[in-house]
C-alpha cells in the first residue's frame with residue numbers, strides 16, 4: 001500500500017552524482033571498519049606484551065571509547081563548518097596513522113626487533129609505554145567519533161536525496177572492512193609479521209582509500225543544496241530523483257527536551273547492537289584462544305564470522321527494512337543476536353562458537369543504522385545534533401562492556417561473562433518501538 005517516506009529534494013544533485021557519492025561514502029565506511037579491525041586479532045599479543053589480567057585488559061580496550069566521549073559534541077560544528085566529506089576523508093587518514101603509532105608502542109613492549117635489537121629493557125616495558133598506547137588509542141577514539149558521525153551524515157544525506165533506504169548497505173561496507181581487517185590481522189599473525197610493520201602497511205593503504213573517497217563524495221556546497229521535505233510514495237514505491245513525489249507539510253516539532261529524550265531512547269537500541277559488536281571485536285579472539293584452545297592463527301575467525309554475517313545482514317537489511325519496517329527488524333535482530341551470543345558462550349568447541357558469533361553478527365546488523373537514521377530524523381533539533389548525540393551515547397556505553405566482561409571473567413570465567421551479554425539483545429526487542437519513523441509508517445508484514 002502507499003506509504004509515506006522521508007527524502008530530500010535533489011534538484012541540484014543529479015542522480016548519477018548521487019550514485020558516485022554513494023560509492024564514495026561506502027569507501028569511508030570500509031576504511032573505518034578495516035583500520036581498527038587490523039589490530040583486533042592481535043589484541044592477545046597486546047595483552048601479553050603489557051602482562052595484563054582480564055580485568056586490566058578490559059579497561060585497556062576502553063581507551064578508544066573514552067577518546068570518543070572526550071570528542072563530545074565536536075562532530076556537529078565540524079560538519080557544519082567543513083562538510084561531511086572533508087571531515088570523513090581527512091579524519092579517516094589521521095585515524096589510520098594514529099592506530100599505527102599506538103601499535104608501535106605495543107611492539108616496543110613486546111620487544112620487537114625494531115627496538116633495541118631484541119627484548120626491550122624493563123624501563124621500556126614500564127608504565128610509560130602503556131601510557132603511550134593508551135594515549136594513542138584515546139586520540140584514535142576521538143578521531144573515530146568525528147569520522148563516524150561524518151560518514152553517517154554523508155550517507156544519510158545521500159539516503160534522503162535518493163528517497164530510499166541505503167544506510168544499511170553502507171554499514172555493510174563497514175562490516176566488510178572489519179571482516180577484511182580481521183583477515184589481514186589473522187594473516188599477519190600467521191606470517192609472524194611484526195605488529196608495527198603490519199599496522200603501518202594497512203594504515204597507509206586505507207588512508208589512501210579514504211582520501212580518494214573524499215574526492216568523489218558530496219561536498220559541502222552540494223549538501224547545502226539539499227532541503228528536507230516529507231513525500232508520499234505512489235503505488236509504485238518511493239519517489240526518486242527522476243520522479244519527485246508529492247510534498248507533505250511536516251508535523252509540528254516536539255519540545256527540545258522531549259526530542260533529546262527520544263534520541264536517548266533511540267540511542268539505546270544502537271547501544272544494544274554495538275555491545276554485541278564490541279564483544280565480538282574485543283573478546284571473541286581471547287574467548288576462542290583461551291577458553292576453547294583455538295590455535296592463534298584461527299582464533300580471529302570468531303571476529304571474521306561475526307563481521308561476515310553482519311555484512312550479509314546489512315546487504316539485505318535495506319530491502320528487509322523497506323519491506324518490514326525498522327521496528328520489526330529491531331525485534332527480529334535483537335532476538336537473533338541474543339540467541340547467537342548464548343550459543344557462542346555455551347559452545348563446547350570452536351566451530352559452534354564461531355557459528356554463534358555469526359548469528360549474533362547477523363542479528364545486530366541493522367540495529368545501529370536504523371537507530372542512527374531515526375535519531376537524525378527526530379524533529380526539533382539542529383542539523384546533526386540527533387546523530388551526534390546518538391554516536392556520543394553509543395560510545396559512552398562502551399565504557400561498561402569490556403570492563404564488565406573483564407571483571408566477571410577474572411571472577412567466574414570468560415564463558416560466564418560472555419553468557420551475560422545476550423540480555424542487551426532482549427532489551428532491543430523491548431524498546432524497538434522507538435524506531436518508528438516520524439515520517440513514515442512501515443508497511444504491514
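Glycine is treated like the rest: Cβ placed from N, Cα and C.
Some features that TrEMBL has for this protein:
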- 20-37: transmembrane segment (TRANSMEM)
- 57-78: transmembrane segment (TRANSMEM)
- 90-111: transmembrane segment (TRANSMEM)
- 123-147: transmembrane segment (TRANSMEM)
- 168-191: transmembrane segment (TRANSMEM)
- 197-218: transmembrane segment (TRANSMEM)
- 259-276: transmembrane segment (TRANSMEM)
- 296-316: transmembrane segment (TRANSMEM)
- 328-346: transmembrane segment (TRANSMEM)
- 352-375: transmembrane segment (TRANSMEM)
- 387-408: transmembrane segment (TRANSMEM)
- 414-435: transmembrane segment (TRANSMEM)
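Against the transmembrane segment (414-435), stretch 352-375 shows more Cβ pairs under 8 Å than any other of 20-37, 57-78, 352-375. The list of residues near the transmembrane segment (352-375) in space but at least 6 beyond its ends in sequence, with Cβ under 8 angstroms from a Cβ of it, reads 152, 156, 159, 165, 167-168, 170-172, 175, 263, 266-267, 269-270, 272-274, 276-277, 279-280, 284, 287-288, 292, 301-303, 305-314, 317, 320-321, 326, 329-330, 332-345, 386-387, 389-391, 394, 425, 428, 434-435, 437-438. Counted as Cβ pairs under 8 Å, contacts with the transmembrane segment (57-78) are highest for 387-408 among 90-111, 197-218, 328-346, 387-408. Against the transmembrane segment (90-111), the recorded stretches 20-37, 197-218, 259-276 differ in Cβ pairs under 8 Å, and the greatest number is found for 197-218. By the count of Cβ pairs under 8 Å, the stretch nearest in packing to the transmembrane segment (168-191) among 123-147, 296-316, 387-408 is 296-316. Against the transmembrane segment (296-316), stretch 20-37 has more CB pairs under 8 A than any other of 20-37, 197-218, 259-276, 387-408. Counting Cβ pairs under 8 Å to the transmembrane segment (197-218), the top-ranked stretch among 20-37, 259-276, 387-408 is 20-37.
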